[in-house]
Amino acid sequence: MEEEKILESDLRHISFVMPKYTPIEKIGEGSFSVVYKALDAESGRYVALKAITRTSSPARVLDEMMFLKTLGGRKNCMGLLGCFRNEDQVVAVFPYFEPIDFREFISNANLADIKRYLHNLLIAIEHVHSNGIMHRDLKPGNFLYNKESGRGMLIDFGLAQYEEYSEGQHAEGGAKPAGPLLFFNSVVSKTKPPGYYERDGRPPMKAPRAGTRGFRAPEVLFRCQRQTGAIDMWSVGVIFLTILTTQYPFFYSSDDIDSIVEIATIFGHAEMRKAAKFYGRVWRSNIDSIPEERIPFETIVESLNPWAEIGSDGYDLLYRMLDLCSSSRITASDALSHPFFDDLKTHENCA
């Protein structure tokens with residue numbers, strides 16, 4: 001993890017916790033927070049201080065703290081040691097966890113490393129989902145992994161929601177479209193092929209759009225109103241594909257339209273039409289770079305990383321994670337029982 005020196009100006013918004021915690025260095029920064037490595041004066045242990053920016057919604061901050069409390073720091077989910085408030089400044093305190101840089105990890109990860117990484121991540125996701133929570137922003141930066149110990153920690157629940165919060169029905173199973181027909185016919189950011197797209201003059205469908213570009217599930221990009229924990233499993237699949245191909249980020253799109261087209265260049269028109277119908281949408285495109293039939297993941301992985309050794313079980317798990325239709329996408333619980341992890345579980349039982 002990249003570390004930065006702390007400027008005096010940075011300390012103003014965490015000064016009220018400094019009698020108890022001594023900041024050492026900045027270790028992360030996002031849209032709504034800055035994270036510091038600090039020393040707990042009482043215990044002598046390192047902690048992580050998450051200073052939440054003033055622009056954050058108070059309700060969102062409260063929700064994040066409640067989700068952390070619910071998950072209880074168990075099963076590879078980051079625990080909350082404490083939370084301090086001074087007027088509109090909030091600082092959350094977490095155990096310090098030393099991760100490996102994700103790019104460094106994928107550059108030399110062997111099959112056993114990949115299995116341990118994914119297994120740790122799935123344990124966390126299964127725990128989150130079993131409590132009725134969707135993380136909604138899964139990406140390598142939000143899953144800290146220590147290769148030496150073989151342990152991981154899921155962090156940042158700032159965009160999490162309970163599943164029942166995202167209500168309304170999308171048109172699953174071939175129902176009539178629930179809103180305007182959307183025509184995704186833009187250009188892919190890397191290849192820039194010729195193509196067209198039709199704009200619908202009606203107001204766009206409103207739906208949750210959490211997540212980071214490149215990791216958003218098809219139902220998020222199709223703006224389906226009802227979303228489930230399946231969106232997290234798509235993100236896990238993208239992480240899996242990223243590790244196998246050693247291409248980070250794997251998807252480069254700058255907006256949702258291009259993201260859909262970029263996915264289509266892999267899945268092809270035939271599967272995109274089926275997925276669009278499943279979500280009550282219509283798929284139409286004339287972009288030459290999109291094939292009629294999908295490109296197998298085996299072809300993609302072997303072309304980008306000829307040295308990858310994953311086997312049929314690994315590919316089967318990848319296909320089931322990156323299923324365009326949310327209802328048939330594998331769950332975290334089922335993924336943990338997948339044969340891909342059989343030898344890992346045998347090794348753990350013998351340890």
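Cβ coordinates are placed from backbone N, Cα and C, and glycine is handled just like the others.
The structure displayed is predicted, hence computed values, not measured ones.
Among Lys20, Lys50, the residue that Swiss-Prot places alongside Ile27, Gly28, Glu29, Gly30, Ser31, Phe32, Ser33, Val34, Val35 at the ATP binding site is Lys50. When Cβ neighbours within 10 Å are tallied across all protein chains shown, the highest count among the recorded positions Glu29, Asp137 belongs to Asp137.
Most other Cβ atoms within 10 A: among the binding-site residues Ser31, Ser33, that distinction falls to Ser33.
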